[in-house]
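A short write-up of the structure that comes next.
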Amino acid sequence: MIWNAWVGASGKNGMRRDWLIRSQATGHVFARATSTWVMMNEKTRRLSKMPEEVRAEISPWFIEKLAIHEDVSEKISKLDSNAKYVNSNLKPKRSDLVMNQHVNNVKYVRWMLETIPDQFLESHQLSGIILEYRRECGSSNIVQSLCEPDEDGILNSGLKQI
């Protein structure tokens, strides 16, 4: 197995990390992933512009190659409490928090998967996931996981703070 990972710019203030996992023998790609992230001021908990000197220091390491080529960025629709499947009163545990004191991204995926009915998970295979973080979630927040089948039988899942 060969794991490749690299960083690149994403807009003015964001950065992106891409991953490619493939067979060393055949070159067959097993998985592709990408993440986009921004800086946050730890005191105000608001997004922060990356200082020019920091960007200048790291930009020589940027590789402008995408692991996943998206023709159109898919907008994730918001679900409400009327969704078909709802899992309420989810509370993060201390072990769910990262050093910035917000919930680890893996926990969001677990909450979403736990809301999808077992019969759906047993008859379908997850082939892709798009996560969009709209708000920080900390230890005192209560979260609700929502899941709604679309017209093609594909499940749309989301989380919101309540």
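From the backbone N, Cα and C atoms, a Cβ is placed for every residue, glycine too.
For 5-58, the entry in TrEMBL reads domain 'Acyl-ACP thioesterase N-terminal hotdog'. According to TrEMBL, the domain 'Acyl-ACP thioesterase-like C-terminal' annotation covers 83-151.
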- Note on the structure: DSSP assigns the residues of the domain 'Acyl-ACP thioesterase-like C-terminal' (83-151) as 20 helix, 15 strand, 34 coil
- pLDDT averaged over the residues of the domain 'Acyl-ACP thioesterase-like C-terminal' (83-151): 87
- Message: DSSP on the domain 'Acyl-ACP thioesterase N-terminal hotdog' (5-58): how many residues come out helix, how many strand, how many coil?
- Response: 7 helix, 28 strand, 19 coil
